[in-house]
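Q: Would you mind keeping the following structure in view while I ask a few things?
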Amino acid sequence: MCGIVGYIGTQAATDILLAGLEKLEYRGYDSAGIATVWEGEINCVRAKGKLHNLRSKLELIETPAQIGIGHTRWATHGKPEEYNAHPHVDTAMPVAVQNGIIENYRELREELKAKGHVFRSETDTEVIPHLIAEILKNFSASSSSSDFLEAVSQAVNRLEGAFALAVVCADYPDELIVVRQQAPLVIGFGQGEFFCASDTPAIVAYTRAVLPLENGEIARLTPLGIEIYNFAGHRLKKQPRLLNLNPTMVVKTGFKHFMLKEIHEQPGVVRASLEAYFNNGRGKWRSPINLRLPENLYTDLEQIHIVACGTSWHAALIGKYLIEQLAGISTQVHYASEYRYAPSPLTSNTLIIGVTQSGETADTLAALAMEKERRQGKEAKYEARLLGITNRPESSLLSHLVPNIISTLAGIEIGVLATKTFTAQLMAFYALALDLAAHRQTASKETLEKIINGLREIPKDIESTLESQERLTEQLAHEFAETQDFIFLGRGINFPIALEGALKLKEISYIHAEGYPAGEMKHGPIALLDAKVPVVAIAVPGSVYEKVISNAQEAKARDSRLIGVTPVKDGEAGEIFNDLLPVSHVEELLSPLLTVVPLQLLAYHIAARRGLDVDQPRNLAKSVTVE
């Protein structure tokens, strides 16, 4: 959600901080600010709205400061106003930025007010610099080089909640202190300079050597090096790792928006997944899939529970379908935010899968942590079997919770809306379902080979769909830009695609849209239909094709304009649908990888036609790191 950037070194800090904040815009924000230290003074500049407002203010101020922190804020405590924007400063000069929530800020605020501290915002973050200042004030007159670090450490030990911090102070101009407690923060290593950020895209232009902090760690960054401690004050020895990230991933490379670029990157995502997950006939494998998961994860498996949020939840629904149909394992999909407070009864030999693009989704991590805790100390059959599916294997998911990961291979996704990461999650579920089927021998070798061969053709099929759909969806966008409501229908494995299509449209165009199982339309949603409510129906030849066509006819009888996502261009489909968004003809089991593409493009073009911010839609954050 919020984005943090910090710098200390030999270059002008302001430009580096601004560039880093631009790379974190995808996380969502409503205000921004930067604070630098120069000649014993703090220069703090904040602005409501987009970064260009902050940049305009900074252009009026020239400072050669070589240390500073920056922040993009997504409002949780207090309105999105300039006075609530970060950084927050105490008159004694500590300055802090924070991502997360301080749960006990009210009692700390009252305690500090009683000691004479004056607060100027409504945020929870403002207690942090005041608390640090109060602790520094109580230190002895003989200052120590470790005073600032010690003050931040003492302050952090009084904070309750999930947060990441970056703090500077005018009295300690050569120190940048950073903290992680259940919110992401990564340190970057340069030559005589160091960086910190909420996410690696902010610093990849300057360094490939990074070290993600772990929960309960605090680091002091100086021009001479980095010291890392735990909250108990014990120094830790840690080494950075080299980041395998191409800088072109964080630029548009000729596309108007990141979202459009990322939609067009999906064939490459499927190819990368095929290369990584499938053995290509090499080696003596029991399964044609190579996910590098331990055998005991599959042993005597009876049930699977999947926890996820948003688009990842839709991917999980397709995963459920694949696992049950191919591997014959009963699978349940839960909203992580609900599962935390109403978990299923404890069952034996159960695999718990957490799906999170960022690896930092607060509710998903909390659901996995709860599952891990409630199974601890139980007899062997109840032991926690945890698996994560994430696009960020360096995230909290692997480092703190889940010993087993299927790393999706989408690369960095900058657009707030999940497009290529959704496809990457689907590929992970195809691989998992096929691997389970091979291990359990619930599908013949010939069946597995047929599905895998079909998957190998998918990249070309997506490329063909993209080539044909760009113009068609752009034309439809012109006609539907002022539409107020949409209905999306699907059945079987394509019902989750109807949900995903509706979610994409409402997220980016702010048009009310709902997805339904096509068979449920007559049980309520049909009351909404008239000439002003278009209906998008996903009709793929297979077990439910005729049923979807029948449901579509019911909508047409109520004067709704029908848009068909289908490989069938003539016959009954050609007569029923007013508009066709054709996709290649593939096995029904593989069709979600294709049917989602025109729905992504339709949402994109409608939003662009309406003149909206495609890559940063209002009120949304790429990584939801608070509950």
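Using the three backbone atoms N, Cα and C, a Cβ is placed for every residue, glycine included.
In case it's useful when we look at the structure, here is the feature table from Swiss-Prot:
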DOMAIN    2-224  domain 'Glutamine amidotransferase type-2'
ACT_SITE  Cys2  active site, nucleophile
DOMAIN    293-442  domain 'SIS 1'
DOMAIN    476-617  domain 'SIS 2'
ACT_SITE  Lys622  active site, for Fru-6P isomerization activity
Q: Within the domain 'SIS 1' (293-442), count helix residues (DSSP H, G, I), strand residues (E, B) and coil residues, in that order.
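A: When I sort the residues of the domain 'SIS 1' (293-442) into the three classes, I find 69 helix, 29 strand, 52 coil.
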Q: Name, in the order they occur in the sequence, the residues of the same chain whose CB lies under 8 A from the CB of the residue listed as 'active site, nucleophile' and which sit 6 or more residues away.
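A: Counting only residues 6 or more apart in sequence, the Cβ neighbours of the residue listed as 'active site, nucleophile' under 8 Å are Arg27, Tyr29, His71, Thr72, Arg73, Trp74, His86, Val97, Gln98, Asn99, Gly100, Ser198.
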Q: Would you list the DSSP helix, strand and coil counts for the residues of the domain 'SIS 2' (476-617)?
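A: Per DSSP, the residues of the domain 'SIS 2' (476-617) fall into 72 helix, 25 strand, 45 coil.
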Q: Which whole number is the mean pLDDT over the domain 'SIS 2' (476-617)?
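A: It averages 93.
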